[in-house]
Structure formats: C-alpha cells, structure tokens
C-alpha cells in the first residue's frame, strides 16, 4: 500500500522537512511533519501528537465512584462521553446490572445532547470555514468569524444548535460542561418539567436547521463531486456499536466491524470482549497508540470510527428523517461504501439530525420526568468495561477496582486513537494528491489540516498512557548519526544500545 | 442583657454572654467572620487564622479572644480580607485541592470560603504533597491525607465527642500530617465508625464516607444555593467561667 510506504522514509537525513505545527482548529495539540526531496516529492508524512496526558495513571488509587466525574476532565468538548463510558463501567463495579428505565433514558438524553453540541461545534465552528470560504482562502479569515461575516445565517444557526445541545446537557448533568448527572447505578437528578418544556419548544427548530445544513453540504458536493468523493480517499475497515436489530446505537450495543467493501468482519461482540477482536500497537514516533483488528494484523487491520464509519457499519438509523438522509448520502456511493475523507462532514450532520430527533422522541416520552433514578444493587464486581459511541467514534473505558474500592488499573482507548492510522493514511493520500511535486504553500498545507479536521480529532484525549507506553529515544549527532538508542519495552524493561 | 456586655464589629453593636469569644458572639448575632477550624461544638483551636480581626488596634484570632465590653473590632475590611485570601491561597497550594474532581465540591468549606472571599487564583506555587496513598482500608470511610488542611476538627471530634482518639497530627512544619491511632497506620485498624462525629466534621474532602460520591446533584449541594456567609452554624451556648 502506497500510504504505508510514506510512514518512514528510507533516508530521512537527505530530505527537507516541512512541519505544520500546531495543527489548527482541532482539540488538543498535534503537528504534521512532511519530508520532501529537492523535487518536492513526498517521502514521509506523519501526524504526531506531542502532548502527554496521564489520566490512566491519575485514576489509579482513586475511589471508583469518583471516576465518572474526574475522568471527563480529559476533554472540554465531549466530556459527557467519558462521563458515561466510565459510569457504565462503574455501574457494573458497584453491582448494578440494569438501570431503571428513567435513568437510562436520561443518560441517553444527556448523550444525545453531547452528540448535538459536539457535532455542531465541529461542523460549524471548526470545519465550515474550509468548506464555505475555501481551503485556500485568506488564513486570517478562515475561521468562524469569517463565516459569521460572509454567511451570518449559517454561523448563527451553528451557535444556536450548539447551545441547544449544551442546554440538554445542563438539564441532565447540572452543568453545560463537566456535570455530575450519572452516578454508579443511575442518575442523581430527574429532568424538571420546566427544562423539558423549554427543550421541547426548541428541538423542532434545531431539526430543521440541521436538515438545512445537510442540504448545504449536499449542494457543495454537487459543485465538485469528484473532488469531494476522492479527497483523502483511503479504503479501510470500519467499526461501531449496533443494537440487536443492527441499528446504530450510541449508548449501548455490541461491536460490529465491516471491511472496506462493506462485508462484516465481526458482529455481536460484547463490549467487555473488545480485547478478543482489537489490539493496540505502539510506534516510536508518536505518543498515540495504533489499534487494529486482531485477526487482520497491524499492517492492514486499521479501522476508522466516528460518523462515516457508524452510518455504514449499521443497517439503519432509528429516526425517520435521519435514516432518509443516511440513504441519500449512501446513494452517492452507488452501493459501495464511502471512504472519501470529506464525507465525514456530511455523515456528521446526518448524525446530528439523528441525535436531535432522538432528543425530541425522549422529550415526548410521558415518563421522561419520572423519578425512579437508582436501580437495585446486586453483586459487587472488580473488573468492568464501558463502551460508548462518542461523537468522534467508539470509546473504550476498562477498569479494575480492588476490594477497598480503589481503582488499580485503567485502560482508555479514545475515538481519536481508534482513528490514528486512518488519519495518517488520509494525510498521506492528500500529500500525494496535492503536494507531491509542487512548491509548498500555506493553502496546500491547509489541505493536510482539512483531512485531519474531518476526523474531528481530540488530540488531547488521545494521549494518556503516562509511564506505561513503550518509548524509543535516539541521540543523534549533527550529521544524523545515531549515537545511542534507549528503548523501553511493553514490559517496562529498559535497554540501551550504542550502534557500532 | 446588660448594656455593658456589648462590643462593636465594624461599627455594628454586638451583644455577648460572658465567656463567649468574639467569634461566638458575632456568629450568635448573625455577623459573619470567616473561619475554618472553629466549630461551635468544640473548644477553639486558633490555627487557621482566617478569623483574624483587629481588636482595639491589635491583630488576634476572633475564636480565641474573649469578648469584652467596649471592644472595637474591625473584620470586614479590604486589608483583612486580602490577608484571608492569601491564607486560603496557601491552604490550597499546600494540599491537593482539585475541586473539579473532588466529591466534596459544593459541600466543601474551603471551597465555599474561597468563593466568599473572592479568591480567583492560587497565586502561589503548588506543593503537590505526597502524604501517602488514599487510605481506603476502612469498609465505610476513606482518608485522603493530601486534602487535609490540619484544622484538627476530626482530632477534637474523635477525642471530645466520640471518646476514641482516632486522629492526631504528627510531624512538624511542612511535614505535619494526619495520623490514626493504629500500629498499622491504617484507618481500618482503628475503632472508627462512619457514624462517629469525626466522620462528618471534616470541612474538606479528607475524610469521606464511602460510596456517597456525587449523589447530590449540582444545584442541591450545600453551598450551591446560598453562600457560606448566609449559612452560619449557630454556636453552642457559652460556658460560664
């Protein structure tokens, strides 16, 4: 595969290095390095995540009931996803098998509110400047303020759609960001009738605005279909959660993976068994791990998650208008799966519509304001996995908790980590499509950023294995000669070698 | 009430019973003076210094100075409140007080006092103390020493109310830390119980009853609706003598 050949150049010392640092309009801090020869031929492209978090380590030694609140501080954009994934795991740890019907509905309501606000901030605030103003527009105007000046209606709708999602979160979690709604075994607050009425009054408008945004993206696609179809297009496997009927389920469900042609690789894999089908690999040049499908292997087993994967992994969306929009999008592929990077935006808006419709349905549920919030407690457990579909893709939380209630082990595979290889593949494809052989300019480099941005990466969430990850440190002299090489392996053992 | 048994705080007359401290008399009269280590059910401690006032021109702890007729007390002044903010900042950086992940948030007196005194930042460099791991050896209560502000409320409650003497401070200066009365050093090996007075008086998140966590939703925690100034705990009747 050509992309794999661009991971590591054979003679990097002879090449010119171009860096995009930092990658802008994404959550977190990352950079891209590109190695070019004298003819501007691309030899190496890498997305680096250059910050280190440490949440897996911070959580060790803390009481399990604290984790759903503390771990959500990983992120300021989709904290609800971490909150709920951890709560799902801690339900099991505390001995709760099934939530009360109301508690599950309220968690879903919170989650769909998160989906609306996160997808809105990504599409309107971060991505729409590229799509509406142009990849090569003036960089100082290529932002939400520029959109507000040129397309005030779209920008205003974006702000209000996001606000609606945040209000749903506030009504269920107590705060717009970093609330405390989910507790092991249920929820700590019921939905007030005032909040229900307020949200119900606004949701239909949000649905209509979202359909309008989908139409806008569709029209953009019609202007340059070949460009939108093939920009950063790399065929890959896809992963997501589906329910027993095969419909997409953002809160519960079992794991399903399809290959690039749409054929199912595995299905109905329980979330607790994720290690049976997935494994992680570490590369010396990135703090972010590289997960892949175990049965296929690290070379070809990478997969994408998130909107574009989810709408193709599932058999349907359960809300009427969103399913119709999903079918409209899939029709572009003519029966074949879509792998163009820019389709992420279209798929994201279809999901935003789906989440808004699910919110409306829950608000219309006559029992949504009920107060049966805590389930009956069963047998305490010591190991649990919580999996959820975060806005950016499948999110895994795994914990072990001791007899004394303190966490002894934590493993987080966040959505962006799942998309690590997919993003690297996409930017290598874009580099070959648009940079290879050209004089490098800012607009061309923005093409690379556009590809990363389409995945809506949360780079700060994705690096968290402080003290655990294998690392390689090379001491290199001015001529690029490796003087010494220190490595820490998967077992924590350290070895040092001095090349002869 | 005799006219002789009164003094003024910031120009406002406060009556007192003989034997009351300035702080006790002020709180009984509904006049708020910031404090952390004082508790109406225990003897005064005078360690947090947050209740420092100016009495007839001299600084002193309102919780340990006896109320006397004719005293002129100054408390709610910009200078004193600035010093109180600084004391709070020092308490925050001396321990690991990370409110966003702490289950005491919203019910914490240290946090509530910081809001009350408008402490907007930590100012000082954090100590990041390592006073040992969370002691979760007790089946019902956990002890996080890194959050302890050494007010000794638990020490006094266990000794004076529970009659158990479970807690004490050990070490000196920056090495001071809370210890428990067990050879193993573990709370689980003491006669401590979740129903003890000492389990409920901790003003911060150092002594926490297990598995309570975040069951109180945001909006219904103690200091969500009203500031600590407006929730004065009424002092016990003054002792004669």
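Even glycines carry a Cβ here, placed using N, Cα and C.
Automatic, uncurated: that is what TrEMBL annotation is.
According to TrEMBL, the feature Mg(2+) binding site maps to A:56, A:412, A:464. Annotation source TrEMBL lists Ni(2+) binding site at A:75, A:78, A:458. The Fe cation binding site annotation in TrEMBL covers A:78, A:461.
Taking the C-alpha positions, the distance from residue A:56 (Mg(2+) binding site) to residue A:75 (Ni(2+) binding site) comes to 14 Å. A distance of 15 Å separates the Cα atom of residue A:78 (Ni(2+) binding site) from that of residue A:412 (Mg(2+) binding site). Rounded to a whole value, the Cα-Cα separation of residue A:75 (Ni(2+) binding site) and residue A:412 (Mg(2+) binding site) is 13 Å. Its Cβ placed at the centre, residue A:78 (Ni(2+) binding site) has 28 other Cβ atoms within 10 Å. Look at the binding-site residues A:75, A:412 and count other Cβ atoms within 10 Å of each Cβ; A:412 has the fewest.
All protein chains included, residue A:56 (Mg(2+) binding site) registers 21 other Cβ atoms within 10 Å of its own Cβ.
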